[in-house]
Structure formats: C-alpha cells, structure tokens
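Notes for the one structure printed next.
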Ligand code: SAH
C-alpha cells in the first residue's frame, strides 16, 4: 500500500474539521494536511466532527457525526433521506444562499474553463416557494418485505428507500403515486427484481400539467404483461379523475435507462397537454418537457428579452423538444426552424404549431450537429441561433457550423455550466463575445444550474 503514505487519514478515524468550500454537488469540502475530504450536509464556515468513510488517492469522503458550529446559511432539513438519496442535496442551505451558490458556479467555470472574467453574470432568478415544483416524477418500484414499494434509490446504489412525500414534486403527483401503488398492491402486481431480472413493474411515472391539471401515468414493466389490466385501468381512472392517459412502457433490458422501446397505450392517447406562456402543448410519454413550469416561463422570458426580435428575423432553435421555445419565439420572428432528434417530440412540435395556429415554424427531425452542418453547407443563414442541448453540451461540428453561418446573435440555454463554458470558449475563438448570463433556478434544493447566455458576433 505505497500510495497510502501520502494519505494523512484512515478509514473510521475521527477528526474535527472546518468546512472551506462546496463541491459542485453541494458537498462540504474540508482539508487535512492539504488532503480534501467531501462531507454531506456541511456548509462553509462550519466546524464538524467527522468520521472518515472512504479514502482515495487524491481525496476522501467523511461522514458528519456532530456539528460544533452552524453556518448562518443553515436551515432545517425536511428529511435526511432526501440527502441520502441525492434528491435534494442543498435542502440544508437557506434558499438565497442556494441562488448565490449557483451564480458562483457559473462565475467559476467562466473564469477557469472559458477564461473570461468580463462577462456579466446576473443574480439567479429564484422561486418564492421553492418546493413542490416538479411536474413529473419517475419513482422506482421494488419489493420491501413482502410489499410492492415506491421510493427512491440510495445515492450510487439501487437500494430502495421507501418514500411517500417527495417535497419537491407537485403534491398531487405524490398522492397519485401512492394511489397507483395501492392499486398495484391490491392486484398483486409483481415488483421488478433487478438481481435476477424477474418480476414486472419497474417504475411508475406520473406527469401533470401545471395549468391544465391533466395527468399521465406511465407504468414501466419488464414484460408486455400487466395482469389484470382490465381491472387496473378502471380502478386507476376512478381513483385519479385527472388522468387522461395511461401508457405501459416495456423495458426488458438490464440497464439504468428507465424507458424501453415498446409502448402500449392503455387509456386515452399517448399524450397530455399543458400550457406555457399562454400556448398549449401536447406532450407524449417520451417527450422532454421542462419539469418546473413557472420557472420555465421565467427562463423563456429571458430568452425573449435577450433575443429582442423585431419580426424580421430568421431563427434556428436547436434541441427544440416539443417546440416550446420555437413557438414562443415565433410570435416575434419571420420564421423559426426547430431541430430535434426524438421523433415523437418532433410530432408533438408539429401538432403544437397547428394547435396554436402558428404558421411561421418548421420542424426538422434529426441530430442538431448533422442538420446544422448540412444547412451551413447549403449556405443557409440565420439571424439568431438558440440552443438548448442536454448536459453534454454541443458537438464541435455544431459549433463550427454556427461560426460558418455567422448569425448576429446566439442564445445558449444550458443545464451544465462546465460544458457551457467549454463551448463558450470555442465560440469566443470563432468570433463571438459572451455578453451576459442569466441563471434561472429550475431545480431548487438540488445542485443543478440552468442558465441563459447571450453571445453576439464581433
Ligand atoms: N428546448 C426544449 C427541449 C430542451 S431538452 C425545451 O425547452 O423544452 C433537449 C432536447 O434535445 C431534448 O428534446 C432531446 O431529445 C434533444 N436532443 C438531444 N440530443 C440531440 C441532438 N444531438 N440533436 C437534436 N436534438 C437532440
């Protein structure tokens, strides 16, 4: 154990430490002889008695045993299990401190990764009531004792912790999950057993329109059977009158991916609707839809403000999902082109244009990087390119195509500051200036950081 020489602590030792910083995930950081220790439920400035839990070559993990001093930014936790499950890693932090923490993270990556220190970073737009905001829940189903149980996995594991109140979800969704669970228990539906890939019900997903109250239930099962569906469906719709759609999604694979390829519509159609900034949207069980509706409206208003459209512009909205940003911008633009890779989302987007009588939009199904390269080769032009990619950010080919197309403005909606900063660095190299960044808190109590960046062509 040669490398142990440089590690100044050993498993199970007790130490008193002072928290100096927070990781991106919101864990406290303390150092012993320069060796960093990561500690859950620990805030900067606090003195804590910890027990060393795990040691690695360059950092370790410790458990808080006793807090000796408390930060003024500390608030009481709703439920310790939530930190254990990694659902709300910031629940012990006063909400205004969470908002500053998120702004600070963007500042850090802009300096460290993008090497820009002059971009204006605005204060994070937060919620008045930062709980009960999620319009979608995906809860795993396992057997605990003899009972089919719903809850959440312990962090980095698949051990189910039974839970009924999730606090950050729409309370109507929490109640719906309990009702679905109880009906499944009544009919002795078998919960999925991951170890030997037996049993059937893997996940219960509930989505609910914030403005419409329409509910969709997705039952993810291992096999196409759902015995006895003819009894379960009427029971579900009677217990939950808001339900407009019940879909069974079959996922026979042994992966962490929740949804499988096959879907069977058990009730209604594979869609429910909600509204955003006054427009109505159809959403299929496969389609992405932002989980925090009121904050999404704030986010889109920031996009509208940064876009400052006059009605003359050609706009490209890449990673357009069901077309929410596309249709929001269409009112003030000449034409908006959406690009989206998931076919059912593109179908939703086209239907949503019709539903809202919007005619100046076109949706292209395909990979954003391939479509943009093609369009730039064809010499197509745009005044504004909006992007809203998943966590991994943009492909270099996409960025090169934007630089080639040379729109006067680009708006980058990001859910991952690290990839945002990496991509902004490339855009700056390509002749753009990062003007300002507006963080919007879409995920209170969690460490996720969402932001909108305005870039202009030099
Ligand atoms: N702008 C939408 C969706 C953002 S989420 C909204 O605000 O609701 C990101 C979207 O990008 C998802 O719909 C996902 O299906 C899509 N996507 C992921 N990778 C993609 C790629 N390479 N090309 C095009 N779309 C992609």
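Using N, Cα and C of the backbone, Cβ positions are placed for all residues, glycine too.
Automatic, uncurated: that is what TrEMBL annotation is.
What TrEMBL lists as active site is 415. If you look up TrEMBL, you'll see 415 marked as active site, nucleophile. According to TrEMBL, the feature S-adenosyl-L-methionine binding site maps to 290, 319, 340, 388. The annotation domain 'TRAM' is assigned in TrEMBL to 8-66.
Taking the features listed in TrEMBL, we show where each one sits on the structure.
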residue	record	DSSP (3 states)
290	S-adenosyl-L-methionine binding site	coil
319	S-adenosyl-L-methionine binding site	coil
340	S-adenosyl-L-methionine binding site	strand
388	S-adenosyl-L-methionine binding site	coil
415	active site	coil
Other residues, Cβ within 8 Å of 290, 319, 340, 388 Cβ centroid (S-adenosyl-L-methionine site): 288, 317, 320, 321, 324, 325, 389, 413
Cβ under 6 Å from ligand 1: qualifying recorded positions of 340, 388, 415: 340, 388
All-chain count of other Cβ atoms within 10 Å of residue 319 (S-adenosyl-L-methionine binding site): 20
Largest inter-residue Cα distance among 290, 319, 340, 388 [record-listed S-adenosyl-L-methionine binders, Å]: 15
Binding-site residues near residue 415 (active site) (Cα-Cα within 10 Å), from 290, 319, 340, 388: 388
Helix-strand-coil residue split for the domain 'TRAM' (8-66), DSSP-based: 0 helix, 33 strand, 26 coil
Cβ contacts of residue 340 (S-adenosyl-L-methionine binding site) (under 8 Å, same chain, 6 or more positions away): 319, 320, 321, 323, 346, 349, 363, 364, 365, 368
Local Cβ density at residue 290 (S-adenosyl-L-methionine binding site) - other Cβ atoms counted within 10 Å: 20
Same chain, 6+ residues apart, C-beta under 8 Å of the C-beta of residue 388 (S-adenosyl-L-methionine binding site), given in sequence order: 317, 318, 319, 320, 321, 325, 413, 414
For the domain 'TRAM' (8-66), mean pLDDT (0 to 100): 96
